[in-house]
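What Swiss-Prot records for this protein:
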type	residues	note
BINDING	Cys253, Cys256, Cys288, Glu295	[4Fe-4S] cluster binding site
Amino acid sequence: MRKSVKVGNVVIGGGAPVSVQSMTTTKTADVERTISQIKRLERAGCEIIRVAVQDEEDAKAIRRIKEQIEIPLVADIQFDYRLAILSIDNGADKIRINPGNMSRDRLKDVVAAAKGKGIPIRVGANVGSIKRRTSERWKDLAESALEEVRLLEKEGFYDIVVSVKSSDILETIKANEYIAEKIEYPIHLGVTEAGVSETAVVKSSIAIGHLLLKNIGDTIRVSISGDPVREVIVGKKILIALGLREGVEVIACPTCGRAEIDVENMAKMIEENFFHVQKRLKIAVMGCVVNGIGEGKDADLGVAGLRDGAVIFVKGEIKERVSKEFVLERLKHYLNELLEEVER
């Protein structure tokens, strides 16, 4: 089991549940917009939020932001050690730095500030920060991250989170497998510069999913260009699919000419309405009753289309026939019954 660190009220590592992170896209000093975006991320299920700190104005904004949010905040600093210290002084729950960009004396100052507040430091590497280059780039990536760790250890600092990220899936997997054998610190997983839409989802799901199945990884961020809320939704779905997080899983048939309902939109509507449920339940959306009920019998709850309506079934047993406009309402009714049953 990996050692644990505490980020605000969230524990990373040490057998704690894998947490879902994201990063704001706003200018941090724009406090109102940053808080608004973080609140949207909180509602989606984000558990740790990271903000970019590029100047003193950003660092000083952290205190005001923290007053209005519920989740821990991580300050991301690239070069200036003074911004790291200022972020810590203003209440950051964790900082992310690159120790290799700082002199020994300046790193000592940052470490002293972090120790004084009892907060962890995240270090690591991506392909842009590789210190040496050989024919095995994944290993260069991992060794660069380990060098960052050693710099902190030399200063007597051990509340560390480590990340190694590449835009290449195999490099990300190999590098994380390598460092998992070398250190006991918690590992932050992600695929950097993963891209947009489906490309980012596919790459992140493969790399993060593979590593989590091997029991590697303690916190995740799914990088998707655009609205960060989608990062959180996909991250939670990865954990639910792997059985690492409770929640509603919606399964749906791929549709064919027999479909009597709009399977895609129905499934999306159900996901949106039941995404908040924190119980392990499976809901099936099947286009027809020909194979639908049989294929969806493993679901806790389901709907199958009819020419003039739909049938609702619970654990493979048909409960009632309804018109299409009442499907969601009746599903909610049976879902509440299932939730009451689970609570008993």
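Using the three backbone atoms N, Cα and C, a Cβ is placed for every residue, glycine included.
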Cβ neighbour count (10 Å, all chains) around Glu295 ([4Fe-4S] cluster binding site) is 15
Across all protein chains shown, the one of the binding-site residues Cys256, Cys288 with the most other Cβ atoms within 10 Å of its Cβ is Cys288
Around the recorded [4Fe-4S] cluster site (Cys253, Cys256, Cys288, Glu295), other residues with Cβ within 8 Å of the Cβ centre, ordered by sequence, are Pro254, Thr255, Arg258, Ala259, Val263, Met286, Gly287, Val290, Asn291, Gly292
Reading the DSSP string in three states, the entry for Cys288 ([4Fe-4S] cluster binding site) is coil
Same-chain residues at least 6 apart in sequence with Cβ under 8 Å of the Cβ of Cys253 ([4Fe-4S] cluster binding site), in sequence order, are Ala259, Val263, Val285, Met286, Gly287, Asn291, Gly292, Glu295
